[in-house]
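Presented below is the structure to which this report refers.
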Amino acid sequence: MADYSQGPIAGAPPTQPGYNNVNTTMSSNPDNAFLSKVKPPYRPWLKFLPILILVFTVGVIAMIGYVVNVAGDGTQSLGFNLFAGAWTLIVGTFFILAFWNMPHIHYRWIIFILSVLSCIWWLTAFAYLASNTKQSFDVIKILEQYSSYSGSSFSFDPSDYGFRKRDLATLGLLEKRQSVSQIYDYIRNLPKYKTAASVMAGAATIGAIIWIIFCVFTVFYAMALFSNSSSSQPAPIAPIGPVPVGQEPKTETYAHIQPVYPPAAAPTAPVFGQPLRPDSTFSSAPTYVTNDPRDPRAAPGAEFLTPPPPGAGYANPQFEVDRNYTVSPLSAVEMPAVSQPINVAEMPPAPVPEHR
């Protein structure tokens with residue numbers, strides 16, 4: 001028996017990827033889900049960048065630790081670079097595991113979001129550290145100029161020499177007037193401060209390199225991610241209209257499927273004078289076969305007409321007389337008692353017509 005569950009023809013149509021045969025609408029692509037683990041077609045060298053970023057981050061953290069140890073204090077730029085370094089250690093380790101050893105944690109959209117945030121953190125970190133490094137070199141230059149006044153005993157005021165007080169803020173020179181002994185301490189430790197400032201400059205440079213690597217990683221990963229997402233979308237529908245000149249119309253060919261129907265029953269010759277009951281489910285009236293063209297029952301659609309009345313010899317059983325029924329006379333008990341004779345009025349006889 002033919003299978004009509006998928007349509008009037010036998011068999012179901014081939015299943016199309018990403019197509020729902022029930023509601024004839026495009027189903028959502030699982031590759032575009034937020035927690036999709038399908039790797040996009042990225043460049044092979046892209047998975048080496050997280051390793052390089054992790055190595056440079058360890059170097060930045062070590063440099064920031066040295067500067068804090070030498071200066072005995074730290075600025076906000078040093079603290080933000082430590083935060084960016086700790087963030088990159090966690091994110092970089094996750095990237096390495098996702099690209100190399102654990103593909104089941106390769107959440108493509110989460111990796112893209114983390115890389116974008118890392119670009120923002122490192123842009124802020126290296127720019128802030130470079131600004132404070134410049135201030136540190138300005139302070140060192142001021143201390144080198146003041147070293148010639150080490151023999152004097154008057155109090156020290158940077159504003160007297162045309163320098164602003166915020167130029168000395170990096171090394172803790174926050175008071176308006178400093179004593180000579182305090183200036184001696186700064187001058188005595190000037191080589192150490194120069195080394196710390198140079199290390200800060202190196203940390204800012206490496207931070208800029210980390211930011212560039214993160215940007216390259218984000219751009220190429222996004223290209224692979226969005227190219228894969230766009231290729232999974234359904235093909236656009238061809239516009240309806242005349243074909244442009246010089247462009248041949250595309251004709252689509254489909255495999256012809258021959259419909260399978262149940263075999264038809266063998267026809268039987270009608271017998272004259274006998275009613276035939278058709279197989280139609282729309283009428284149960286018998287069909288009378290006759291060769292007389294004047295008979296209305298031979299017209300098309302006669303099977304829907306009311307059948308003719310029965311013949312004269314037909315007896316309806318509802319009105320048939322019961323021959324076995326007898327009427328018994330009333331007994332004396334059932335007769336009413338009559339005390340007096342009853343005068344019964346008789347009808348006068350009908351007049352006899354006279355014959356002339």
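These residue numbers are counts, starting from 1, taken along the chain as shown.
Backbone N, Cα and C define each Cβ position, glycine as well.
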Annotated range (TrEMBL: region 'Disordered') out of 1-22, 155-176, 243-264: 1-22
Of 177-196, 337-356, the range TrEMBL labels region 'Disordered': 337-356
